[in-house]
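Undergrad: Per TrEMBL, the feature compositional bias 'Low complexity' maps to A:26-50. According to TrEMBL, the feature region 'Disordered' maps to A:1-50. The transmembrane segment annotation in TrEMBL covers A:80-104, A:133-151, A:163-182, A:188-206, A:218-237, A:257-278, A:306-332, A:344-362, A:374-393.
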Amino acid sequence: MNAVPAAPQGPASHGPVSHDPSASHGPAPHGPSASQGPAPGSAPGSSPVAARERGILAAPPELTGAVTHSRLRRGRRRRLVVLVLAALIAGVFLLTLMVGQTFYPLDQVVRVVLGEDVPGASFTVGRLRLPRAMLAVLAGACFGLGGVVFQTMLRNPLASPDIIGISSGASAAAAFAIIMLSMGGVQVSIVAIAGGLGVALAVYLLSFRGGLAGTRLILVGIGVAAMLDSVTAYVLSKAPQWELQEAMRWLTGSLNGAGYGTVMPVLVALAVLGPVLLSQSRALSLLRLGDDTAAALGVRTERTRILLIVAAVGLIAFATAATGPIAFVAFLSGPIAARIAGPAGSLLIPSALVGALLVLVADFAGQFLFGLRYPVGVVTGALGAPYLLYLIIRTNRTGGSL
Amino acid sequence: MRVLWLLLAAVLTALLGAASLVIGSREVPWTDVLAALQGSADNLNQAAVTKRIPRTVLALLAGAALGLAGAVMQGVTRNPLADPGILGVNMGASLAVAVGIAWFGMFSYTAFIWTAILGAAVTAVFVYAIGSLGRGGATPLKLALAGAATSAALVSFISAVVLPRADIAQSVRSWQIGGVGGAGFEGIGRMLPFLIAGAVICLLAARPLNSLALGDELAAGLGERVAVARAAAALGAVMLCGAVTAIAGPIGFVGLVVPHLCRLLIGVDHRWLLPFSALTGAALLTASDVAGRIIARPEELDVGIVTALVGAPFFIYIVRRQKVREL
Amino acid sequence: MTGTHRLEANGLTLGYRDRIVVEGLDLAVPPGRITAVVGANACGKSTLLRSMSRLLAPQSGQVLLDGRQIHSMPAKELARTLGLLPQSPLAPEGITVADLVGRGRHPHQRLLSRWRQEDDAAVAAALEATGTTELADRAIDELSGGQRQRVWIAMVLAQQTDLLLDEPTTFLDVNHQVEVLDLLTDLNRGRGTTIVMVLHDLNLAARYADHLVAMAAGRVHAAGAPGEVLTAGVVRTVFGLESRIVADPVSGRPLVLPIGRHHTEGADRAGEHGAAAGMRERDALQGGYARQPEERSSPGEPEA
């Protein structure tokens, strides 16, 4: 702020300036701002104009303090939300390990988690419930992250990867690999990931026309998703009865049959791509101001966008390869996180946590709440409709934008 | 000129209808086709053709209904991307039928049709409400997103309804992919009154739709009762979609592609556009059905899949052609 | 940091795909002064501004900042010297004023670095300078058009750079227009901030600018002090409008009085014309220098 003053400063700056002293510089009221009076903390008796002139050079320390204070206050809410969410996840995580057809008390569960050999519990908790719960948390976090990145970048809460075709690509590829090519295990994962990335690339290229427009990307994605969904439906209709259960996963998403083999790739993907996204969180929040503004603030918009897309699509594809497209988790996590954490600060971590919690709770509910075992995707999918209703009601009340 | 196009479309539709009778997994000579049309089923060839007759009729009717409904929906919403599939209306009809079967033991065609129309209507209103939220009203972008999101939710609901009922899973699954293969004359007969009623409403709405195309305010200035006209036209379209979905399952993209092609050939006057869309829709759906039989020989590709494979690229083409500001 | 940087364009040719908008343009921005760019619709004003802030790469020619080509400078480094306020920036829903202004600190922050005292001080100064301290905790959506524009200016102020502004007075009532221009003048006189802005209103441009650039058909037609640039001949070439230039009784700067078809010089008596003629005169005025909707790059924020 080493200003090089072009003119002497005073309470009202019409001094003997070389250029024409504009009449509007006089102490005449400055529109509505004049009625706002001096800022809190500015010296009593100073006119708004004087306060403003001073602000041009440097902010008085007490004002800086106020800004710091209010920034910290906004940050505190977000931190609190993150802590509460993390605690809830830990709680539900342990609960899903304890509850099932046989109940194991907390101490046994903890001992199993710590690696001790507990007769009975070691198999049920260690081999069945633990990988399932881990996959729920990891996949939920991946969906939540990927979803909020797309929603923020495209500036539309409806534009999540499960709506614009990314998940559809992964699941169509997986269903095709299982039923038409009789693949299994790792092969299917690889095909699913390739499918997700390939579809994302195709959508990107198809919507690129003299620059990228978010609206066009969304619509092209919807078209591609419609096509892929019908491919998936066709492939499923060709499935023999015994493969149907396995293939149905690729329609709704399910955590059935989770083992450490499925958990590991998702864990690695989250460990690698998660930090990439976090490193871009500030640039992402600037993209929300519009491409021109972001670029003027020093964001390399095109490069940032590609990096964000690749990382988010990677997360979605890996998670989809492991669980199938768990409906609406990517769609719901971001808006829920925004609601509880407030608009300040990055939503990436809150959304990841919300996603993890959603999948964990929905899977638990799907297994034990309805008397019949529903795959997790059916439960989360059913949450989508009330959310859309909520959007209508909220926007009608506040008149805000979608 | 327009009459010429209309005649051409009629001829094309007739030819495709004939092709649909001839082409299939079994090669049938013309003599047998003619014999079968006269009601004879003496040999295998003639029996095969006899089976193809209701299928062809259904394809023609469903195509006409969907083409007409698409043109009306695009007119009502003033939205180039409106389509019963994209907007999730077909999926709403599917869910309603699935619920009817699973929870209320519904089995008659008439019940299917009423339920499907109800489901389609509720979904149409729901999607339109979401799509017109916020600034700028119902833009193509927001409507398409609302439709896609609603469809996804509806699919989950269908799974949830069907999953506990292994006994009905197979029959409900046919409502998730549209096809005309399983058609019989009974279903077609039950569907027909609804189609006729819907088509009459839609065709009567042609003139109001022309006014609506100028914007609500101007249409009101021209003496149109905007809300009434819009509701009536939408009702006609919903009846068409619902009835077709009840019998043939959700068939997407016919309603999207057809009106666009027709506008290119015949202009934007709905009095011409609507009948022309119906004819072209019949031609397109029949052609897709025939193509589905040829591509996957000796098996068949459901027509709903063929139309999606043809229609989605067309959808993307329309999106690319629009200026960003108009989306 | 401000008032010492030299920004110039040499032989600049700009366009979108095959459409050339600006051709062979030379321009030197006087440091520490207010420069206003005026011209008819679609003459390339906004395109020029976009290119000078690196948003649009030139097809030929160059933009130099202190002798360095800006299109080969690192994005953040440039953003520490030069800030741009686009015509219709987007405000994320629910964001507070202080938060939005804080976004302007981006070029000064490293990857993963923490928020520093210095950043808070810059935000506080920007709020104070624009008279928006009171609004710091309010959400952007709740503000009036004039307040919102001041907040956006605060955001680019927090960047602590010289400023490029694309029509900062668009969508504002006349009192808010004057308010914004006064604020920019405060900044220029107080801090020595170099300001380049595209303006639509010729008379406001003449009053507030030290240096006036009149563009026509993608070239600089005339540049210099408003008193020298703003002649009847220039207005005729640039806007295709007959006019008479008088001295502004308030500021002494030139004041452009358009001459429509119904009001020829001297023969002009208000009573002689019916209401219809008055209407047409207004239309002629708007055709002259009110903005036309089709030039807006996006519908933008409706004014509250």
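Keep in mind that glycine also has a Cβ here, set from the backbone N, Cα and C atoms.
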Undergrad: Between the stretches A:133-151, A:218-237, A:257-278, A:306-332, which wins on the count of C-beta pairs under 8 angstroms to the transmembrane segment (A:163-182)?
TA: A:218-237
Undergrad: Report yes or no: does the transmembrane segment (A:306-332) come within contact of the transmembrane segment (A:80-104), defined as 3 or more CB pairs under 8 Å with a sequence separation of 6 or more?
TA: no
Undergrad: Are there three or more C-beta pairs under 8 angstroms joining the transmembrane segment (A:80-104) and the transmembrane segment (A:344-362), sequence spacing 6 or more?
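TA: Between the transmembrane segment (A:344-362) and the transmembrane segment (A:80-104), contact is present.
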Undergrad: Looking at the transmembrane segment (A:218-237) and the transmembrane segment (A:374-393), are there 3+ C-beta pairs under 8 A, with each pair at least 6 apart in sequence?
TA: no
Undergrad: So which residues does the transmembrane segment (A:80-104) touch in its own chain, when a touch means Cβ under 8 Å and the partner is 6 or more beyond its ends?
TA: 110, 112-113, 120-121, 124-125, 129-130, 132-133, 136-137, 337, 340-341, 349-350, 353-354, 356-357, 360-361, 363-364, 367-368
Undergrad: Looking only at residues six or more beyond either end of the transmembrane segment (A:374-393), which have a C-beta under 8 A from one in the stretch?
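TA: Long-range Cβ neighbours of the transmembrane segment (A:374-393): 136, 157, 248-249, 251-256, 323-329, 331-332, 335, 358-359, 362-363, 365-367, 402.
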Undergrad: Sequence-remote contacts (6 or more beyond its ends) of the transmembrane segment (A:188-206), Cβ cut-off under 8 Å?
TA: 164-174, 176-178, 212, 217, 220-221, 224, 228, 262, 265, 309, 313-314, 316-318, 320-322
